[in-house]
Amino acid sequence: MDTIGYHYVVEAAGCDPEVIADPNKIREIFLEAAKVGNMEVKASYFFKFSPMGVSGVVIVAESHISVHTWPEKGYAALDVYTCGEKADPEKAVDYILEKFKAKYAHVSELKRGIEEEDSTFTHTILTWEEKLDRRNGNK
């Protein structure tokens with residue numbers, strides 16, 4: 001079966017706590033990430049927890065971008081899932097990590113789509129730590 005979509009599951013650490021504690025800032029980042037990744041925004045919702053933390057989602061025609069943050073730990077759990085040919089989820093992920101000022105990230109890329117007659121499917125694990133280290137001036 002052809003791939004239906006690409007799902008990036010991202011562990012982002014060393015993020016700027018002020019950025020990932022602000023639902024309005026995250027919404028702004030996600031809306032721009034959708035544009036950078038050539039996605040069509042349909043809706044968005046973000047919720048700020050007390051005393052801290054944000055969960056949110058941007059629904060795009062191609063699927064979604066979502067987040068759960070722990071500012072006290074500098075940590076964000078991100079999902080970027082797209083289907084179709086025109087979207088570039090990797091660009092969206094890279095943009096979000098840059099704006100979150102993530103120092104470390106583990107990115108798992110899952111090729112989505114399996115039919116009943118398919119007996120196996122594979123997932124590829126990617127790590128972008130080296131790229132983040134270079135961007136943060138550590139190499």
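Any Cβ shown, glycine's included, is placed from N, Cα and C.
What Swiss-Prot records for this protein:
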type	residues	note
MOD_RES	Ser63	pyruvic acid (Ser)
ACT_SITE	Ser63	active site, schiff-base intermediate with substrate
ACT_SITE	His68	active site, proton acceptor
ACT_SITE	Cys83	active site, proton donor
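Between the CA atoms of His68 (active site, proton acceptor) and Cys83 (active site, proton donor) there is a gap of 22 Å. If you draw a 10 Å sphere around the CB of Cys83 (active site, proton donor), it holds 17 other CB atoms from the protein chains shown.
Neighbours of the residue listed as 'active site, proton acceptor', defined as other CB atoms within 10 A of its CB across all chains, total 17.
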